[in-house]
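Residues or ranges marked as active site, nucleophile in TrEMBL: CYS191. What TrEMBL lists as S-adenosyl-L-methionine binding site is GLN68, TYR97, GLU121, ASP164.
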Amino acid sequence: VAPSAGPASVVLIGRDLDPEAIEIPESWGDADVAVRTGRGLVPLRGDGTVHERLGERMFTVSATGFWQSHRRAAELLTEVVDSALHAPRGGSAWDLYGGVGVFAAVAAEQVGTGGSVVSVEGNRRASQLAAQNLEDLPQVSTATADVTDWVRARRGGVDAVVLDPPRAGAGVELMGLLAGAVRQRIVYVSCEPATLARDLAAIEGKGWQVKDLRAFDLFPHTHHIESVAVLERSAG
């Protein structure tokens, strides 16, 4: 991994690797090194994280965690979400499948210190890093939970939502829950057109409409694309 800030990181993956038996080659320079075995991640040099810079903010990411593979992807998608979300000043927003807090930081800037943002992420390590990355933003809190379960348990609505699910998509149940909970706008970041189409069809039948849909070729020479859909409540 060659992050945008800090040293590179090398992760050796093997179920039966013995970390104590591994010698780090001089050719790897000052790269951080970790071993991922069936028992988890063992740092050999460094702390098992990498650092990515977006604008003026630094994000710490697990060396085996998720980050966009295209060098410009995270910056581009952050700009698109920032221009599309329209979370009101002093309002509320949810960042679902929030990872290490990238879009939560965008929402936090929009709602300001008088608003509230919740980043919801199922991966415990990513959620911990989100809390660390955003600890200077008092309006942000994090929740480690299954996203659908968490939304189902909410009592009360939210002004705006950004969600960035894995290829399986958000699912029909979650889209139905969001249709009733969100007051103003939903921004859906997708890496799988088929599940995006399914999820948009599910919510369009519940009083929402797609106001904007953009596709980005962030995986050159493959069939994969990244999409961003902006949804608002239908008039009337």
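Quick reminder: no glycine exception, Cβ is built from N, Cα and C everywhere.
Because the structure is a prediction, the values reported are computed rather than measured.
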Students should find that the Cβ of ASP164 (S-adenosyl-L-methionine binding site) has, within 10 Å, a number of other Cβ atoms equal to 22
Around the Cβ of GLU121 (S-adenosyl-L-methionine binding site), other Cβ atoms found within 10 Å total 27
